[in-house]
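Chemist: Please see the structure below; I have some questions.
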């Protein structure tokens, strides 16, 4: 029996099959791991990878394409990558690193990728920003003109900082660099400033102590902590400062004032050096790669005071650099000094002599901050830096001279009292009116007959007296930010009256 084949049936069956076929064809840029180790992977086959593109490995680890070479791609891993092995497949995602941003981050501790690490649950944020974004241009900025009060008398008087400024805090280890940064954050309590503290390559216990201090002082209500501790991959330690800048940038473009602390950029440079050497990039001075200046300049240039048209927001950056035996002429310190608008130099000799904060006024400078200093502070602080510098010179000279004339002795005595005046305990920032009153007393001779060891108790008592007794002066300076005739008269009266009670009690 012959089977008759009807062409129309065949064509309808084929038609049906074609209509039912719905499998999508996806084109993916996939490569193969040639070599992996030390947080670095070499990948073959990713011909279309972009510089800085995120790559996804078989085990879910994310990497960043860094070296685009002729026959392979060098990528850095953002995780342990323990299950990645030779022959594993890698997919290019077509995306560049970005993090969630928004109000939900305030009060939280996150890692370098914006993921919460404080055990308080997920961060619900609908917005995200690229970790690397261009700095504001010339037209987008305006000059620094508003003060960023640190609450530390020595800094606010001699090395003032303005909103939108980049001021380097530099010194040897254990000289109080982080303490200055934390005090500055605590002092922003009433100022409507969003603070971002970036901990790079530090011990996890140190970061926990900082967070605890901020919580105790009520500062976590307006602070975000970004932490890439010493145990994390070098890639995350390198990315953490950019993450901090991105979070602050979100608020800056919303018209808010922000403060970012990078603690510290020496460790970021070391992490970048480690990555670069493992990627076989040619080393330069101190084995750092040739573009180590650029990693810091592109980060710190993102700090700015925005123009009125862009909402008047600002990002103030306080990068920290650790020196070895006070050597500020090393590679990374000189790089960052040249990028920033001034530096606060902390001396281990002053610190060990009990002068804390151990600010060395001779080589500390603020290039733009004086324009932002309040009128009241400008009036009293003008002479103090010069007097302290002269005191340091005279003190060195007095060690060799046996008989000094009265004028020199008086200058030495006043210098000692000014030195005492600027001492300040940790985590106790002062308001502007308190700083102005203390400095006014010092430079106008009110302390000349107070014994040096009693200066601290005199200033503490004076602050209490101004809070409770003579409120006219405090309110005047608070509202006008200037030391007018009325405020000065009230301050003189308060100083004279307080001095009588202090002497009577002594």
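Glycine residues also receive a Cβ, built from the backbone N, Cα and C atoms like all the rest.
Annotated ATP binding site per Swiss-Prot: 171, 172, 173, 174, 175, 176, 177, 178, in sequence order. Per Swiss-Prot, the feature site 'Required for activity' maps to 364; the stated evidence is sequence analysis.
Context for these features, please: burial, neighbours, distances.
Modeler: Taking the Cβ of residue 175 (ATP binding site) as centre and 10 Å as the limit, one finds 27 other Cβ atoms among all the protein chains shown.
In the three-state DSSP assignment, the secondary structure recorded for residue 364 (site 'Required for activity') is coil. Around residue 364 (site 'Required for activity'), the C-beta neighbours below 8 angstroms that are at least 6 residues distant in the chain are 158, 159, 342, 343, 344, 345.
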Chemist: Within 10 Å of the Cβ of residue 174 (ATP binding site), how many other Cβ atoms can be counted across all chains shown?
Modeler: 12
Chemist: Which are the residues of the chain, 171, 172, 173, 174, 175, 176, 177, 178 excluded, whose CB is within 8 A of where the CB atoms of the ATP site average out, their centroid?
Modeler: 322, 346, 348, 351, 358
Chemist: Would you count the other C-beta atoms found within 10 angstroms of the C-beta of residue 176 (ATP binding site) for me?
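Modeler: Step by step: centre on the Cβ of residue 176 (ATP binding site), count other Cβ atoms within 10 Å, giving 20.
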Chemist: Return the count of C-beta atoms lying within 10 angstroms of the C-beta of residue 178 (ATP binding site), excluding that atom itself.
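Modeler: Taking all protein chains shown, residue 178 (ATP binding site) has 22 Cβ neighbours within 10 Å.
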Chemist: What does DSSP call residue 175 (ATP binding site) in the simple three-state scheme?
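Modeler: SS state of residue 175 (ATP binding site) = coil.
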